[in-house]
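In what follows, a structure is listed as structure tokens, so that the remarks can point back to it.
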Amino acid sequence: MATTATMATSGSARKRLLKEEDMTKVEFETSEEVDVTPTFDTMGLREDLLRGIYAYGFEKPSAIQQRAIKQIIKGRDVIAQSQSGTGKTATFSISVLQCLDIQVRETQALILAPTRELAVQIQKGLLALGDYMNVQCHACIGGTNVGEDIRKLDYGQHVVAGTPGRVFDMIRRRSLRTRAIKMLVLDEADEMLNKGFKEQIYDVYRYLPPATQVVLISATLPHEILEMTNKFMTDPIRILVKRDELTLEGIKQFFVAVEREEWKFDTLCDLYDTLTITQAVIFCNTKRKVDWLTEKMREANFTVSSMHGDMPQKERESIMKEFRSGASRVLISTDVWARGLDVPQVSLIINYDLPNNRELYIHRIGRSGRYGRKGVAINFVKNDDIRILRDIEQYYSTQIDEMPMNVADLI
């Protein structure tokens, strides 16, 4: 077991400056034994997996992939912290696929994610990367037919990705057998280990074989989460990014001062006219606000789509499909969208409401400049929000300036 003291020591950690196009000036504070593997070819991956990786469009591993994949494949417990858009999902997906015995038709890896959408995205990514391996992978998520889950699991799945509640339900019903599980992956661990999911994760963990390897991946890892990892990780390797480097480079952040809540809507309409947007996401803090704003925008003849956690699964899926394809250009959403959902064309994020906690800020704005693409984030700030904005600035050691008149030129 690693102790908290070991976690905190910088003696066993060194800082590395990476000089890569899209990862300039990101300082890793990383365990000594982590080395860099610059190409997929030199990672010792199976041939059919390499084919899948190149067919998927990957050419060169990202900074996190160069460090984490080999460690995970070696069987080490790993805490990997990487910003949104750096390829962290592919990091554990490639590692999981490498470790499977395809001949054995039993669940060998379990991936937990905080939202249904993210679980489905992970499943699709695994199937695409494992295209030449004949891998079976099922997304086990709430809001879908339990009978279908049971049928799929009975058929035999090498990997199960899912939300903690439904996964635990399937384990309890003995539909998801855990005896062959070798690896547990917690994606977006900061969100997962927040109060809501902590108990469910422990419930699932108790059913896993004692030697199960644990991999924890997230954009932010607050101190209290590192403390919790002590409970179920053994001597984990750390691959961490310093917190104050976490705001993505290439994303310009601005604020617009709106004295009162009522003024936000007009501000949004004014912006909408100014910006010939490729694709944008507008974040609100509540489902009710998402519905209200969507209706109001449509009344004003703006075309928008919207999504939040109360919508039926099918509806959310078709909205995401529409948005990904570019058929809808502006999406109004709650934080359900902020977690790891991958739409490369998004170049503008508007925080209609500042997020309720500062950890969420990076998940939201990390959307808009994926894989080193440029992006713009605009925060609507009421008089009594100034304090929250300053807190976010301080927390991420970043600067958020007042929005200039020529903001359209920056997108």
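Every residue gets a Cβ built from N, Cα and C, even glycine.
Note that this is a predicted model, so its numbers are computed, not measured.
Feature annotation from Swiss-Prot assigns N-acetylalanine to Ala2; the stated evidence is experimental evidence.
The phosphoserine annotation in Swiss-Prot covers Ser10 (among others) and is backed by similarity to another entry.
Per Swiss-Prot, the feature phosphoserine maps to Ser12 (among others); the stated evidence is a large-scale study or a structure entry.
Feature annotation from Swiss-Prot assigns motif 'Q motif' to 38-66.
Classification of Thr89 (ATP binding site) by DSSP places it within a helix. According to Swiss-Prot, the feature ATP binding site maps to Lys60, Gln65, Gly85, Thr86, Gly87, Lys88, Thr89, Ala90, Asp342, Arg367, Ser368, Gly369, Arg370, Tyr371.
Within the chain carrying the motif 'DEAD box' (187-190), a Cβ under 8 angstroms from the stretch's Cβ atoms is held by residues 88-89, 92, 111-114, 118, 122, 216-222, 225, 339-340, 359, 363, all 6 or more beyond its ends. Annotation comment: Swiss-Prot describes 187-190 as motif 'DEAD box'.
Break the motif 'Q motif' (38-66) down by DSSP state and the numbers are 17 helix, 0 strand, 12 coil. Here the motif 'DEAD box' (187-190) has a mean pLDDT of 87 out of 100.
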